[in-house]
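Contents: one structure, followed by commentary.
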Amino acid sequence: MGDGTEFVVRSDREDKKLAEDRISDEQVVKNELVRSDEVRDDNEDEVFEEAIGSENDEQEEEEDPKRELFESDDLPLVETLKSSMVEHEVEDFEEAVGDLDETSSNEGGVKDFTAVGESHGAGEAEFDVLATKMNGDKGEGGGGGSYDKVESSLDVVDTTENATSTNTNGSNLAAEHVGIENGKTHSFLGNGIASPKNKEVVAEVIPKDDGIEEPWNDGIEVDNWEERVDGIQTEQEVEEGEGTTENQFEKRTEEEVVEGEGTSKNLFEKQTEQDVVEGEGTSKDLFENGSVCMDSESEAERNGETGAAYTSNIVTNASGDNEVSSAVTSSPLEESSSGEKGETEGDSTCLKPEQHLASSPHSYPESTEVHSNSGSPGVTSREHKPVQSANGGHDVQSPQPNKELEKQQSSRVHVDPEITENSHVETEPEVVSSVSPTESRSNPAALPPARPAGLGRASPLLEPASRAPQQSRVNGNGSHNQFQQAEDSTTTEADEHDETREKLQLIRVKFLRLAHRLGQTPHNVVVAQVLYRLGLAEQLRGRNGSRVGAFSFDRASAMAEQLEAAGQDPLDFSCTIMVLGKSGVGKSATINSIFDEVKFCTDAFQMGTKRVQDVEGLVQGIKVRVIDTPGLLPSWSDQAKNEKILNSVKAFIKKNPPDIVLYLDRLDMQSRDSGDMPLLRTISDVFGPSIWFNAIVGLTHAASVPPDGPNGTASSYDMFVTQRSHVIQQAIRQAAGDMRLMNPVSLVENHSACRTNRAGQRVLPNGQVWKPHLLLLSFASKILAEANALLKLQDNIPGRPFAARSKAPPLPFLLSSLLQSRPQPKLPEQQYGDEEDEDDLEESSDSDEESEYDQLPPFKSLTKAQMATLSKSQKKQYLDEMEYREKLLMKKQMKEERKRRKMFKKFAAEIKDLPDGYSENVEEESGGPASVPVPMPDLSLPASFDSDNPTHRYRYLDSSNQWLVRPVLETHGWDHDIGYEGVNAERLFVVKEKIPISVSGQVTKDKKDANVQLEMASSVKHGEGKSTSLGFDMQTVGKELAYTLRSETRFNNFRRNKAAAGLSVTHLGDSVSAGLKVEDKFIASKWFRIVMSGGAMTSRGDFAYGGTLEAQLRDKDYPLGRFLTTLGLSVMDWHGDLAIGGNIQSQVPIGRSSNLIARANLNNRGAGQVSVRVNSSEQLQLAMVAIVPLFKKLLSYYYPQTQYGQ
């Protein structure tokens, strides 16, 4: 705006011309208005009489027409209005009533327009509002709109009923029918016109001819009644058409521009400077008393009113310095026409959330403010509503003097569509609803207020918070306690939030200053990430999830640059870093590099740090304290020493804990195994897993050359760093028990020959200056910790909720191992073989078989030459006889062996009953000569095509030592020349000559894996046919060791049936599994037997169930007869997944020297295998079968597509 103020006044000649132009168009709607003329006559008379008559009840008619409003500072608003009524205004009212009647009958248009303005730049009150004057209307209504601030004083007409708005059609403003005759007024939704049945807010009338200025609250002058006339006639103008409004504005624009300047000057000459000062001071005090800004759209929706939008048309005067805003009632048609002409302009700025709207009834009870907020620049929107309390009463008084105009002239205040006032609650943030419950019930079809076309919705940040419902007032008195409590809680929360935001802003400034000192810009990746996290934390902590304004970063960056440029404000920041790591990785050298001076002596051949010590210094003006610790050792055997060192470190930092932990390791240390896990777990056990939450991984020797890749080419430096970082980060996650950890990694190079830049800073091969980056990471971690403590955010780390997920134990594997049948250990004299249980079945036939072999005639074997002379039939008979005799001989030998075992068993029992001395003599006599070690035969090795196939191998000896040590042959191992990949050792111990203990172990090692197996077993007999065994197994399962303790009891419940029951407990990793099994073996005969077993295994609430069935059918003379068939069935249920598998294996003799072996297996998932094998010692032509795969391979070379089945 300019410094001057313009008023545009329309002459009577123009008024008549406009009225004549509109007569022809108004005849169209004349018939519709005739129906409501009689009703409107009565209502308008009542409104005018109430508006003027209510003031006469308290005070006589004003006698002094020249009294000004400045003398009524302490009087109510009603008294001020009375004193301001002069005789020429009364006469003008009568003339206005007559003009209104004429206009109503002739459908006349708008009369004069008076503009009042307020200048914010030169100390004069300027209001860029062009209001219509309504001649003859005795209802009062006023409204003002400006770019910055419009304030309006309201007159209250007391009635006992609540104010309501009447919408004749239940539609929007453009469709309402309003008639004004005989000085009576009908109100409709959103136009602000008073209803004669209720208390209404009416605006004082300013006559157009006299030019007398009558200031209202805060120096605001009330517009003429033309505004109300224009608002009432909106419906008529819409029905008449769009042209009327356009013609009206076109005809009056030039004259308004010309006449505006003089009228404005005349009006403001009569307004004293004191009133201007009073008005501005009142506005300032109202703002300071905690007013609340109400959004027009949301208020209209809550009150259920239909508001009329007022569009401001900007008119520039001849000098070009001032702007006059013409306020007209805008219907949808008028909005479109004004948009086409391009007449609607404006300057709408965003309203800050701190700007609230309310009145302070105790300090300044006579003032009210009107604020407007528009979501679209260039257009000022205004919606008029009757504003009242719940019972329809207002206590509005005239303003008091205030002398603070100069402080408010430069501020910009938006125009708010709500007129709010509160007369009994001091600094009340809520705004009283403008619609009473009676109005809501009487007008259920009310629509939301229509906004002018082109106006967008305001920013969500500028919308006020939802207000608490208010209780109805009785006789003008509200529930003061309830409002006061709500105000106190809201104010306290707002103050706390503002204080937190300020502190967080200071943290931002501090971090930006740190980055500036380290030579890092705000666009650095680490800086940007920290600022993003701070903003995100503030948003999560803020009220109602409101987002942080973008100005926070800009303001913080500018403040940081100013403080660093001035160099007067010291930086209140210090950081303590504790360095941990293995011995020799460069901890002390890194500390020396950080301070750029020798703080600790280092030696490449001796251990540098032997005790915990700290050092302080300044780095770029920042106070840094570093704690150096002795080197740690990674092996398992050194963990006890590491615990002593770490406990001393823990005691040292007890009083002053570090802010950051820097764990150092070497970049060029290639280790993909878990060699560092013992050390990391020890650190976690001593300090707790939380030590890794603020840890930074530093990799020294960062200028190392990357190793060669798999194909011999050099790998990239970035890939080398990434792989090494991933290994260390993964190990730390496992040691901390939190797989979410992602510790940042920083590279370090302490060598004096490291490449440097122009500033003398050491640069890594990837171009990074490592020292500022390391310090920035350390400072960022502390800054985030400070913000976390300020915002009181939870870390969600109570103990170890995210413990490392250990692998679930393989329950099916453990259960199948449990179900396997194991032989029980026996004493040396009882090592008779596995067929002891069959001795009883064969005793009945021993006598017959013995006599059968002895009764055979003598038989003489033939030589090869003699057999060559025999015919084919003779040769067959000879071979059959030979085979029969051999079978009978083998049977006889087996019988003799069984008899010998029985005799030896009886003899051993008799020796135990004899005296000890006699038994020793018997053993000495029966003992033979000392055994001589003999070479053991070599194990068969697979064929090898290597040229260095050894012809000589050192053999092991069979000695008399009780330890049996043998090599372990692996036919498919990597060392196919030797085939020995492990060693096996066995020994049998006897405790008290009754309890056998068997110990066996095996170690297998190749280039990658190492497997260990250890088995210890013992058995005790406690009755005939009853025994109990106890065993301990240790074996490698994956990369962990599984320890199993098992026990089994066997007993013979029938002569041909044996039962067994067993338990097992397995410890694997950090899980314990327990299992139970039951087994039954039934021997039907020498040729058929069946074994059934079932069991269950559980761990961590998980269960696995399984069972096996094995049936064996063999030759009656087995093992002399080679026929054998085995049928197996297994069932496993784990996690509801049922696995069923079956297998069959059969061996059938074909002729005298050939066997056919067939195998087949199938499971319930459709997977299976079938194999057939034939071996023979005579039919060598079977080797021709090998031609088949060779022929197929040759075909694949000529027809490659056959290889893929195409």
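Using N, Cα and C of the backbone, Cβ positions are placed for all residues, glycine too.
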Region 'G4' range according to Swiss-Prot, out of 680-683, 700-703, 980-983, 1072-1075: 700-703
Per Swiss-Prot, the candidate from S195, S360 carrying the annotation phosphoserine: S195
Per Swiss-Prot, the range holding region 'G2', considering 87-91, 607-611, 1112-1116: 607-611
Counts of helix, strand and coil residues, the region 'G3' (628-631), according to DSSP: 0 helix, 1 strand, 3 coil
Chain-internal residues near S588 (Mg(2+) binding site), provided their CB is under 8 angstroms and they sit 6+ positions away: K599, F600, C601, T602, G608, T609, D628
Chain residues in Cβ proximity to the region 'G3' (628-631) (below 8 Å; excluding those fewer than six residues from its ends, i.e. six or more beyond): 578-585, 587-588, 591, 600, 607-615, 645, 649
Integer mean pLDDT for the region 'G3' (628-631): 92
